[in-house]
Amino acid sequence: MIPPRFEYHAPKSVGEAVALLGQLGSDAKLLAGGHSLLPMMKLRFAQPEHLIDINRIPELRGIREEGSTVVIGAMTVENDLISSPIVQARLPLLAEAAKLIADPQVRNRGTIGGDIAHGHPGNDHPALSIAVEAHFVLEGPNGRRTVPADGFFLGTYMTLLEENEVMVEIRVPAFAQGTGWAYEKLKRKTGDWATAGCAVVMRKSGNTVSHIRIALTNVAPTALRREGGRSRLLGKAFTKEAVQAAADAAIAICEPAEDLRGDADYKTAMAGQMVKRALNAAWARCA
């Protein structure tokens, strides 16, 4: 289908984009990579009268280090995450997980900020950002504010990002030495959303788990942080029984929507399997 008619705007700065959002209000949508918005427009699920293309704003791109924090511009594309020496060295989970997102063509256009701001539970970066304890810098008419990933996602297509705000950057603490990490994603084919997915970041002290973050993809209206799974592992020995207990805790909070990828029972069971796989893979990487 052909999208409805719209007016096109191409601001050159974040301030200009924010001003346009304030002027045009709910009739406007930001255009990043376009892989989520444009299909919705073709199906008439979204019918904005104005598109604000933020691809020409240089400050929204790039990856840099600020002390122990990695700063990623919201318009940074997936392939830049994969190829970045900074991300490979300091946040290898993001570099590896980006390879599992969609296909090469999409990874050349799709942006990390767009994936997050869209608020779809099947997108990969919401769970990843929760697992790595990311914070999002948002700019609106009253200046900038920083919000944690944990709590940013309110429901399907619903986030804390206001309609007059632009996501500027993602700030992530670099992994400490010895950190283990993994992202396990079950999908039907290359390019598909996850049937179920799990991101894990952990550290150990001897045979004891000293730090653990678990987040789930596409098994609820939002990405989920698994606090119950964390409590079953933190400060405890890493055993088969502890891993199973964490998986059981994840299963208990799943509320997946039924679709062509499977019914609720199947997706819930697969979430438990992804948790176990991710925990074991992350533990094996702990130094």
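Note that Cβ sites are derived from N, Cα and C of the backbone, with glycine treated the same way.
Summarising the annotation, Swiss-Prot assigns FAD binding site to Ala32, Gly33, Gly34, His35, Ser36, Thr111, Ile112, Gly113, Gly114, Asp115. Feature annotation from Swiss-Prot assigns domain 'FAD-binding PCMH-type' to 1-177.
Here the binding-site residues are Ala32, Ile112, and the one ringed by the most other CB atoms within 10 angstroms is Ile112.
A simple Cβ count within 10 Å picks out one of the binding-site residues Gly34, Gly114 as the most packed, and that one is Gly114. The FAD site is defined by Ala32, Gly33, Gly34, His35, Ser36, Thr111, Ile112, Gly113, Gly114, Asp115, and by the 8 Å test on Cβ atoms against their centroid, the other residues of the chain that qualify are Met75, Arg109, Gly110, Ala117, His118. Counting only same-chain residues six or more apart in sequence, the Cβ atoms lying under 8 angstroms from the Cβ of Ser36 (FAD binding site) belong to Gly114, Asp115, His118, His120, Asn123. Those residues noted as binding FAD (Ala32, Gly33, Gly34, His35, Ser36, Thr111, Ile112, Gly113, Gly114, Asp115) have their most widely separated CA atoms at a distance of 12 Å. Looking only at the domain 'FAD-binding PCMH-type' (1-177), the predicted model's pLDDT averages out at 96.
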